[in-house]
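According to TrEMBL, the features are:
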COMPBIAS  863-886  compositional bias 'Acidic residues'
DOMAIN    340-584  domain 'COPA/B second beta-propeller'
DOMAIN    604-771  domain 'COPA/B TPR'
DOMAIN    815-1218  domain 'Coatomer alpha subunit C-terminal'
REGION    863-901  region 'Disordered'
REPEAT    47-88  repeat 'WD'
REPEAT    89-130  repeat 'WD'
REPEAT    131-164  repeat 'WD'
REPEAT    200-241  repeat 'WD'
REPEAT    244-285  repeat 'WD'
Amino acid sequence: MLTKFETKSNRVKGLSFHSKRPWILASLHSGVIQLWDYRMGTLIDRFDEHDGPVRGVHFHKSQPLFVSGGDDYKIKVWNYKLHRCLFSLLGHLDYIRTVQFHHEYPWIVSSSDDQTIRIWNWQSRTCISVLTGHNHYVMCASFHPKEDLVVSASLDQTVRVWDIGALRKKTVSPADDILRLSPMNTDLFGGVDAVVKYVLEGHDRGVNWAAFHPTLPLIVSGADDRQVKLWRMNDTKAWEVDTLRGHVNNVSCVMFHAKQDIIVSNSEDKSIRVWDVTKRTGIQTFRREHDRFWILAAHPEMNLLAAGHDSGMIVFKLERERPAFSVSNDTMFYAKDRFLRFYEFSTQRDIQVIPIRRPGSTSLNQGPRALSYSPTENAILLCSDVDGGSYELYIIPKDSFGRGDVAQEAKRGVGGSAVFVARNRFAVLDKSSNQVLVKNLKNEIIKKSALPIATDSIFYAGTGTLLCRAEDRVAIFDLQQRIVLGDLQTPLVKYIVWSNDMETVALLSKHTIVISTKRLVHRCTIHETIRVKSGAWDENGIFIYTTLNHIKYCLPNGDNGIIRTLDVPIYITKVSGNTIFCLDRDGKNKAIVIDATEYIFKLSLMRKRFDHVMNMIRSSQLVGQAMIAYLQQKGFPEVALHFVKDEKTRFNLALESGNIQTAVASAKEIDEKDYWYRLGVEALRQGNVGIVEYAYQRTKNFERLSFLYLITGNMDKLSKMLKIAEVKNDVMGQFHNALYLGDVCERVKILENAGHLPLAYLTASVHGLHDVAERLAAELGEHIPSLPEGKVPSLLMPPAPILGGGDWPLLNVSRGIFESGLDITGRGGADEEEEAGEGDWGEDLDMVDVENIENGDITTVLEDGEVPEENEEAGGWDLEDLELPPEENTPRDSSNARSSVFVAPTPGVPVIQIWIQRSSLAAEHAVAGNFDAAMRLLNRQLGIKNFAPLRPLFLDLHAGSHTYLRAFSSAPVISVAVERGWNESASPNVRGPPSLVFNFSQLEENLKAGYRATTAGKFTEALRLFLSILHTIPLIVVESRREVDEVKELIIIVKEYVLGLKIELKRRETRGDPVRQQELAAYFTHCNLQMPHLRLALLTAMTVCYKAKNLSTAANFARRLLETNPTNENHAKTARQVLQAAERNMTDAAQLNYDFRNPFVVCGATFVPIYRGQKDVSCPYCSSHFVPSHEGQLCNVCELSIVGADASGLLCSPSQVR
């Protein structure tokens, strides 16, 4: 059983498939009727007007109707489009068991526990016949699919066949019916329109179900005696043919399969059984754990069945319908019925080749599942599920083509799957041992190979390689080298399709398609809600695939879409141009012609083949919201503009592509405030002042207009704005405009007119208008405001704009392929296009001319008669007021080189990119801000893992490599790269290496400062200075090899000091442990220090040991101190005294972990000696030594690298790379 869909619900008592749509009705014991889409797996609707269980339900064949019958004695007819019950048919006196529409007449047959069967006319909504005769509950009743018969089954242990021929005649010609009874008599005695033809007796218990065969004169019935009986009838009698035994509880439902000679039954014993009609034996049984089965339904057209049980229902198939096929170039072999057939795509020749063994019908699903073909040997492998998985090998003789009747014995074998892997070799999967057996054409094993993953199926993956499938992954396995060439996690793969060049593979699962390379490197994944059925590659590298109801495409980048819908599922075999060759479920070859324009267009866009795109735009009818959205999403709004007629969409696309001309034209058509506002914003962004002005004028946005004139320095128009505000009596607008103009008299006048006399007085007196101030003072009398004392007034004047006047200068470029190929400026844009796009890379001002309306006289914004003193022309906006600087009047360069291909000026390579292009120096990557690469280089070269100390250095390097110039206030700051070793004679086109804020001389200064701090005993400060040197060295760049050696030498010097100072600081912390103090003082003397510092270390160690009565050790330090010829006489004197005291008593009070005779190095973490011959690990950067247990930990000395890490070594000069 192949389960296609399953639901969880209350007990399902009735089921019905829709004849055309993928729908199924399920009526439940709870009184609800559910409408499911079994293809999508979704609940579409639920109907719950019945009171109590609904036991019968049925779809009408052609109308949007279904009928239901329930325990509330009602038959309801529903319209599923209107989502409601149309009417109820009343008449039955007990529970209704089944209902069914007649396939031709407007009739419904119903059976009931009131022991009657009723036939209703659903158009006139009346009962037209009552069939009485059963003397117990009637469990089911149904019409014959072709003849005028009804079959019914009852708990009175009989099956009755009724003849309703008279009823049909009466319906066709009701006037001829003389014997019509009154409705009352019909109800009591039953009409004469339906008579019992046969009564079939044979069951020992009540019969639950009876059904006609769709074509033959057979009836099947199932009863509470656990038997399924087969009956045959002729014109005069009916008799029992056979009994099928096997169920162990009441048989609930039984039916003939429409397309195969089988009977399907289900039962309260929780099983569905399949029986062979001819042999009358059981073929297969499907069981459920806990659910009894109650009902079966068959799809009227497709090979689908459904069964209802205690906790839901299942939709299933008994056998898979996908034909096994294999395509090789222009030919295909496929299995159909009991023959192997051959099909040629070019000629569409379809011939029978050889008969193949038909599996015995002992069970289902035994036909060929997969087919593999070797063209050179003309050999075919057929795989099937016989014997748990087996294969048959046929060698097709050349002369048998077209005859197809010569049976030949196949070579057989057992195996999960079998495929050809070479010309005369095939691989067979042995699941039990998880290995592949490679065999020759004589079916002899050549070799065995164990598989790398738990494989349940194998596929061909090129000569000598297999694609192995596990539950959650696939792997490519090379049979020769026995290695895995690639693997990929996927859902369970059902089929694989290789591209023609074997470079790409599509892995098809139930609901996903994964596309990957031949080494299983993932390219993209497509998820489908409906099951994926098949696929093939076309010659452009596009994958064409089918789901149950669509043909779809997938581009190499993962974009996919629908090509067309399907009525029935198909299996694609080959795609050639715009023809899809396929097999349907009956094994018939079909050629479907499709429209490939959409996906070829998208592919051309993706591959940037704009000439193809242009041709397709001109010649095809590509339209639709989906295409526009796609072009927008992919960054081609200017192309989308060509497809759009809707002005609002055109406006949005024009703004997105920066096409101001089209946007203005569309804004005029739309003429809504919001669109003008958005146009103004975009034009302002582009610096197109004329259009900004026009947009503000159209929306009468005077505040914005005034501000625009202010920032562009257009004082004349600002004066006009003042007059307009005066006419409109807009006091605030007047005041603002006067403020922008710096007109003090006007401001005083406005304040006076508005009644703000104190403010007017203050303004006049501060600005020195004394006569006006005196006049206002007289008016104010005693209320004169006082001026603040000790304050000096400063003149408030608007700033003068740096660039006065018009639009920003635009760079003239030759038009892009889409602008030149398409008239996308809209209607009437042809003349403008002739002018645009001419000229060289000049500095022309790109003045946009929108039908002579921008930059016009501001006053025309006003309504008629508002400004009587201004000249009003009927023409509206003219260009007289636009005052251009003289250089903008230069004529355009004429250029006849109008290329149809867009040629933008080539942007230079950013300096940062030049710096890092071929550099392996971490410092140069850090300078460029490429911190990730710098860190990777330092990790590879020096094993550095802790970058926290380097973070501020990285930031300093990056910040110090650029300087910044301010041009003027409205322009952005200009960033300038600072180069190392630049001089005036350098070529401007050759970029030098970046300048660095750290250099070697700084490190030498730090080293001297560290020495001074050490001498002064400031060990913490000294340690900080030495560590800063260690942290800076990785980011130093020097020029010569000699300097490289100096840097490496510096690392060793500084490392010794860092280690020594850490030891000394540790000694000072360990106050309570005199032995450890002496050891640390002793180790400090073995660090490679400068002579003054070594003497101080020896003096300290001698003093510590002498005080602790370790005279022998102290004498050793005294001797070493004297050998250094100390310059300080006191130190020498102390040493000699210690030697004398020790010679009298050469003993140590405590045993130290210190042997000065045996050479050693000190562990940088534990501060213990590592003597010669003992194992140690070292830091790849500072080369400090550590005990082996510290391998993999951070170095305690440099605090940067990982101890024992692999590293290539310090790289600090370009000379090392050359």
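Cβ from N, Cα, C; glycine included.
Whatever TrEMBL says is automated annotation, not expert-curated.
Sequence-remote contacts of a segment are chain residues at least 6 beyond its ends whose Cβ falls under 8 Å from one of its Cβ atoms, and for the repeat 'WD' (244-285) they are 1, 205, 208-214, 218, 220-224, 226-230, 291-296, 298, 300, 303, 305, 307, 309, 318-319, 361-364. Remote same-chain residues near the repeat 'WD' (200-241) are listed as 136-137, 139-140, 142, 144-146, 149, 151-161, 247-256, 258, 263, 265, 267, 269, 275, 277, 280 (criterion: CB distance under 8 Å, separation of at least six residues from the stretch ends). Same-chain neighbours of the repeat 'WD' (131-164): 94-95, 97-98, 100, 102-103, 107, 109-113, 115-119, 189-190, 193-201, 203-212, 214-215, 219, 221, 223-224, 231, 233, 238, counting only residues six or more beyond its ends whose CB sits under 8 Å from a CB of the stretch.
Mean pLDDT across the domain 'COPA/B TPR' (604-771) comes to 83 in this model. Secondary structure of the repeat 'WD' (47-88), assigned with DSSP and counted as helix (H, G, I), strand (E, B) and coil, comes to 0 helix, 24 strand, 18 coil. Taking DSSP states H, G and I as helix and E and B as strand, the repeat 'WD' (200-241) has 0 helix, 25 strand, 17 coil. Helix, strand and coil residue tallies for the repeat 'WD' (244-285), in that order: 0 helix, 25 strand, 17 coil [DSSP].
Under DSSP, the residues of the repeat 'WD' (89-130) split into helix, strand and coil as follows: 0 helix, 25 strand, 17 coil.
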